[in-house]
Amino acid sequence: MASSVGNVADSTEPTKRMLSFQGLAELAHREYQAGDFEAAERHCMQLWRQEPDNTGVLLLLSSIHFQCRRLDRSAHFSTLAIKQNPLLAEAYSNLGNVYKERGQLQEAIEHYRHALRLKPDFIDGYINLAAALVAAGDMEGAVQAYVSALQYNPDLYCVRSDLGNLLKALGRLEEAKACYLKAIETQPNFAVAWSNLGCVFNAQGEIWLAIHHFEKAVTLDPNFLDAYINLGNVLKEARIFDRAVAAYLRALSLSPNHAVVHGNLACVYYEQGLIDLAIDTYRRAIELQPHFPDAYCNLANALKEKGSVAEAEDCYNTALRLCPTHADSLNNLANIKREQGNIEEAVRLYRKALEVFPEFAAAHSNLASVLQQQGKLQEALMHYKEAIRISPTFADAYSNMGNTLKEMQDVQGALQCYTRAIQINPAFADAHSNLASIHKDSGNIPEAIASYRTALKLKPDFPDAYCNLAHCLQIVCDWTDYDERMKKLVSIVADQLEKNRLPSVHPHHSMLYPLSHGFRKAIAERHGNLCLDKINVLHKPPYEHPKDLKLSDGRLRVGYVSSDFGNHPTSHLMQSIPGMHNPDKFEVFCYALSPDDGTNFRVKVMAEANHFIDLSQIPCNGKAADRIHQDGIHILVNMNGYTKGARNELFALRPAPIQAMWLGYPGTSGALFMDYIITDQETSPAEVAEQYSEKLAYMPHTFFIGDHANMFPHLKKKAVIDFKSNGHIYDNRIVLNGIDLKAFLDSLPDVKIVKMKCPDGGDNADSSNTALNMPVIPMNTIAEAVIEMINRGQIQITINGFSISNGLATTQINNKAATGEEVPRTIIVTTRSQYGLPEDAIVYCNFNQLYKIDPSTLQMWANILKRVPNSVLWLLRFPAVGEPNIQQYAQNMGLPQNRIIFSPVAPKEEHVRRGQLADVCLDTPLCNGHTTGMDVLWAGTPMVTMPGETLASRVAASQLTCLGCLELIAKNRQEFEDIAVKLGTDLEYLKKIRGKVWKQRISSPLFNTKQYTMELERLYLQMWEHYAAGNKPDHMIKPVEVTESA
């Protein structure tokens, strides 16, 4: 640090005062040089009060605060010095030091360079610049900085030696050799240069010259222990073990208890195959005082080979701490760190290994693998290519490069890499597993299953492949050996958690398996810690957070972070909320993690949020978090969790004082950096709060919300064409919906209004009834024209000037209406015949993805169908390859194939609308229908559910509780079956419940987005008031209910 107090400014004070000032300045400088920073600061402050514009005093204060790690104060005084003298190079250099310590290397480099422009002969500036450039990875720039320093003072032999070390690390051995020789020429007795020159000769294979220079170094400095060690090493390389032992024994004669020499002697024993003797000697070295990395590396290798990984790690750590120039130690230790999930440490070790040995293919590949985990995909790709350049048959590098390309959405490139890896090594299990992952993500589940099974044949103990295979089999409902598979999967997770490894079961999948709550939470915790590891490499200081609302005009700033602002179920649920916040009390920021998909969903959120920021254009998590923090966010909301597209690293950096999970992820984050999870009493009962790492923050009704009333207002009303059976008018055989439905009905003759009684609400279907009006179109020529349109597959017809469209043709008429981006403008006809559903049967449905079905669920459904003879189950081909498995298991349970009817997945609007055709939805207890539950309820179809132990298994019960339909919530499997059977056999009861759901979806809070937003605001204010009072996050389980008029 530049700390001069010379050039004291002119003064009109008496000479006596000047001498006093100068004397005090010299005293402060002596105290600074002696390391008595407290006294130096005290005297400097006296000087500063006398002459606040004295740049010498300002520089010394800057240096003192820097040494005391008070970087902000150091920068402050440097800045004051610059204001007094904008040409003061030392002040810019001091600022550069502050930036370098903060990890802001580019800013540091720019300040050093500015200092050098002001003072070209500023040698300390060049040295500082070189150090910053090395830290930034600009080795060539660092070399030039050292060269410039030496141009001004060629006799700086230490700097020249440092330059030699840098050149040696770059592999420019001849230039390094020249530096060391010049240093020796300047100072012939500089033993370090002799030893370093010996290292260069050793690297060049000049063994005897290396031996000579090490011996010269020892001659110049008989206490130069490292030179003895290097001499022993080079003799060991030459396999001259006797002389190597002699060199180490000579070192021991100088320092009998020196661990370095013991370690290197043990290394020779190891090379001779005397493993036990080597380990004993290594242990003796460690018992003394560890100083030599080779000994630790070799001991670690031996210990790891014997299964003593923890001890091996200790030895590698010591080697790294003392000498970061042992490539194998660095690489091997990095491997252990990566296995443990300590990503930052692994990266540092790999980089060090490559500094020492740039042509180290394995280190390139290993580093690339970790960089990929950190999201640094381009840099990872570069290292994989280097590994392959160095070793063209490096199958691991090809396979891992495929992983990177896959993450970069280059599916074809990834396929080529995996295929090449398998060509090089057909028995490469990891490559087969990686190839399977490509097939899995592409929806090609059968191919994925085949490749995972190949991987497991080649490598039976392969947890990742086994757990991914289990998930694939779950997706297609292949339940062969299901119980045994679940048992083994749980065992794998238990073993991985016990060994502190990243579990092979993803947090988002953990709900599907019979894991304990502790295991599920621990899986999430491991992934949360992985996020912390990824951001630790940024070395960012913690953010300072506001305690009041003064800087935001009294408004609470809420930031919603999501990769799903677009055509995604999450946006379908919450797209209206940003625009419904009270602008007088809330300022809404939406941070998109994905590019614009061009849909109206994206446009709506962009238009209605106060601020919309596309963070997908800021791939660096540190810079993205800076942006959030600069916006002064008070509450930052995580809408992704561990779903696709998440960037939890942003939250790990804590850019906001309060951070909450909400809506998009059905479980705990397990992360220390998430304060709250927004939930409700039914979904997350207080008695299971220990399942969550976050504090519970309750909404008064349900934490779930749907924007269905805004997206699908045409489904608020319906009319039916008269379909009589046993004297009943059915409301779900031929259904008409449309914004202009009333006007259309008014244009028709003979439309009947049938009054249907339904309960007023509550948990009893027999409570007081309200009449609902059901418009019924009689079977006349108009009805016949509509039916003929459906039967003939026509897209659209016109009746009385109104466009009547086939419900299967929405995409052809208006694609944005089909996706839910716009409200359809036609009258849409939906019929059971369109989907092959029987007209006279009870239709049970479930529109979830098939992975949510397990054997016990299908058995329960089969029992229901058996008890309701005239009934069918309507499922989706989601995916299609699951259909034959479901049919086969159902037949094994005694159900003929025609009792289960499959339909293709449909566009969003049709998906919601066709739910009207079912009589009852049977929920999946393993993992409920969340968005699909809202869809079917908006269609007016009752849903029977049975809450389980996980958040994901209790959402439907929360929705039904909010809807006021507690009679549809079962306590156990038998009750689930009984409720469903009663609905299927007691048609009057079914009509009442259907009427109740139809009415309650409008009158209850479930789809009331405005009221929900107000309740959410109240919860946000609770969080903020709790924080502003100086409290740590705590459970908020006494929600305040508000009404829309509040």
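Cβ atoms are placed via backbone N, Cα and C, with glycine included.
Residues 487-503 are the range that Swiss-Prot records as motif 'Nuclear localization signal', among 487-503, 674-690, 725-741. Checking Swiss-Prot for region 'Required for phosphatidylinositol 3,4,5-triphosphate binding' across the ranges 551-570, 751-770, 991-1010 points to 991-1010. Counting only same-chain residues 6+ beyond the ends of the repeat 'TPR 7' (259-292), those with a CB under 8 A from a CB of the stretch are 225-226, 228-229, 232-233, 236, 239, 241, 244-245, 248-249, 251-252, 298-299, 302-303, 315, 318, 322-323.
Across the repeat 'TPR 10' (361-394), the prediction's mean pLDDT works out to 91.
Shown for the repeat 'TPR 10' (361-394): DSSP residue counts in helix, strand and coil, namely 27 helix, 0 strand, 7 coil. Note on the repeat 'TPR 11' (395-428): residues 361, 364-365, 368-369, 372, 377, 380-381, 384-385, 387-388, 434-435, 437-438, 441-442, 458 of its chain, located 6 or more positions outside it, place their CB under 8 angstroms from a CB of the stretch.
A Cα-Cα distance of 25 Å separates HIS508 (active site, proton acceptor) from SER399 (O-linked glycosylation site). In sequence order, CYS417, TYR418, ALA421, PHE428, ASP430, ALA431, ASN434 make up the list of same-chain residues 6 or more apart from SER399 (O-linked glycosylation site) whose Cβ falls under 8 Å from its Cβ. Its own atom aside, the Cβ of HIS508 (active site, proton acceptor) has 19 Cβ atoms within 10 angstroms in the protein chains shown. The helix, strand and coil residue counts that DSSP assigns across the repeat 'TPR 11' (395-428) are 27 helix, 0 strand, 7 coil. Taken residue by residue, the repeat 'TPR 7' (259-292) breaks down under DSSP into 27 helix, 0 strand, 7 coil.
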